[in-house]
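A.B. asks: Here you go, one structure.
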Ligand code: SF4
Ligand code: SF4
């Protein structure tokens, strides 16, 4: 798969229009890597002039910040900003709502001002510019429910672009009882992904999976690699792997378009 | 002697108002114990928020049943204040229903008629509220933090409202000339027959008694506010005005940290250089919050404004899955501690004397703080724009940056970020491997 890096581009004297910020999950986590690849396939299909930082990318510091380590966060942020500004990056797209939120909202006051898109927003723009069409036949008739990632939805009020894309796939979009601004967290945010939950009587991802299962879906659509992991684990816990799959919207689009 | 009631009334009024003013000043002083934060930008947007959310109750109605009942009680409260103005004038000058002459029978009758209907509706709404709190098993009214005072407080207010509304209606019902005029007695005309057998003097005594208890009750209610979650009827307005306007996911970048990080990253910085003038006697900055004075004044205002409705807690994923965390408790603890600090200052002639306690550990446990997913559900739900998450985050910052007391797994995650640029233990050189697989 051809994924150009900013360094390569620079060596060839090129300045790509947009940087794809892959994020730690999208780079290392086996499940999330598939989302990164699906998204790159979409970028290729729409002939988007993009590049990644590759080995020059580092953690945005989101998890450190939400764990309370403002020092580590700001060190990461300033290092990243130095690299990004060095390449004169203007536009960034990412499949990770946590990177999205941090780059968009928390980097500006530290000197990193970019136009930041979540991949669902970016794909929606490609469609409205006529650079991409979604095949609405492949997945036709499937029941899909969308789990709003907290850092995309409540944190940044992005509720519509993921739904718009899902609807364009010709599927049957059903809403969970808690959705949009009242959606329940998958349990991974605020650095919870990296530690065991406190003592309680249930895991959050199981409760959220129950919300999703109530809609009797074939597919649980996600827009965040961490939500994806949490919901996948929830489905395993409920032993529903045979009936329900968890897929990122980028994966659904790549699948529909036969990429 | 004929002025005696007027004098007693004036004294009661002055006493009630000055006690109230004293408490409000205490409240302002306590809020000012918080750190400064600038919330004076974007005035039109702030005003709009206040009008929509505090005045227009736009977030209350997201839960339609309680939202609707709340609006009735709220309207009742606002409009009946006009009646209170009349009572105060009558009380001070010994007049009787002064507005009737001033406004004319038509308008006065209409107004009082509306008040009576509202009073009756408020009574019904309050009874329903009481049933919800005490009879139906609504989980958020049964939480641990709602035992004792918070539960009683909620009920006391409902009782006071019931009594005040009853007094108002009975007062009108036993006001013979008012009933005879037949203007505005929409509800009280049905109560009046209950007193049919009473002598004119008897009726007059009842009417006067109701009048007195009604106005004294209102003064007591006013002064009860400070001690109660019902302070929100006043503070909802400033609280929504000064609320955070940034995207909910945007957390503050601590400036004190920025300065240090810049120094650390600047290769030209001379660590032994003489600090800029004035810096040497600056108090070393404490990172994060362990007590109320480390929070900012908006967070403290939040604590006083909290209505203990529990909407936040009932939408908190940690709480829903049985963890210790309850965002409502975070707000109640913050207020309790702030009050304790305030009493300490009062007892020590205006200065705080260390009492060996703080918000962290003595009120809020690290276990509660670590259970938060930072999902913002509590912030979204709060009908008066309180931000419990910001307090949780500031306290986590203290735990991590001042006490290095993060859970072990989080320490590992942070070490990985520091060494490998990712929360997991992978080599940064492998960061693009995903592109070569498949
Ligand atoms: S932000 Fe934290 S306290 Fe608030 S609802 Fe989410 S998990 Fe609960
Ligand atoms: S913080 Fe807001 S939602 Fe939570 S109990 Fe207080 S007023 Fe209700």
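We count from 1, first residue shown onward.
Every residue, even glycine, has its Cβ placed from backbone N, Cα and C.
TrEMBL lists B:6-24, B:68-89, B:109-131, B:156-174, B:211-227 with the feature transmembrane segment. TrEMBL lists B:297-328, B:360-394 with the feature domain '4Fe-4S ferredoxin-type'.
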A.B. asks: At a C-beta cut-off of under 8 Å, are there same-chain residues at least 6 beyond the transmembrane segment (B:109-131) that contact it? List them, or none.
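C.D. replies: For the transmembrane segment (B:109-131), the sequence-distant neighbours (Cβ-Cβ under 8 Å, at least 6 residues beyond its ends) are 66, 69-70, 72-73, 75-77, 79-80, 82-83, 99, 103, 155, 158, 161-162, 165-166, 168-169, 172, 181, 183-188.
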A.B. asks: Below 8 angstroms Cβ to Cβ, which residues of this chain, lying six or more residues outside the domain '4Fe-4S ferredoxin-type' (B:360-394), approach it?
C.D. replies: 49, 53-54, 57, 59-60, 62, 232, 235-236, 239-240, 243-244, 248-249, 251, 288-291, 294-295, 298-299, 302, 305-307, 309, 311-318, 323-331, 333-334, 336-337, 405, 407
A.B. asks: Residues of the same chain, at least six outside the transmembrane segment (B:211-227), with any C-beta under 8 angstroms of its C-beta?
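C.D. replies: Contacts of the transmembrane segment (B:211-227) (Cβ under 8 Å, skipping residues fewer than 6 from its ends): 9, 12-13, 15-17, 19-20, 23-24, 26-27, 84, 87-88, 91, 153, 156-157, 160, 163-164, 167-168, 171, 233-234.
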A.B. asks: Just to be sure I understand, if DSSP states are collapsed into helix, strand and coil, how many residues of the domain '4Fe-4S ferredoxin-type' (B:297-328) fall in each?
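C.D. replies: Taking each residue of the domain '4Fe-4S ferredoxin-type' (B:297-328) in turn, the totals are 20 helix, 0 strand, 12 coil.
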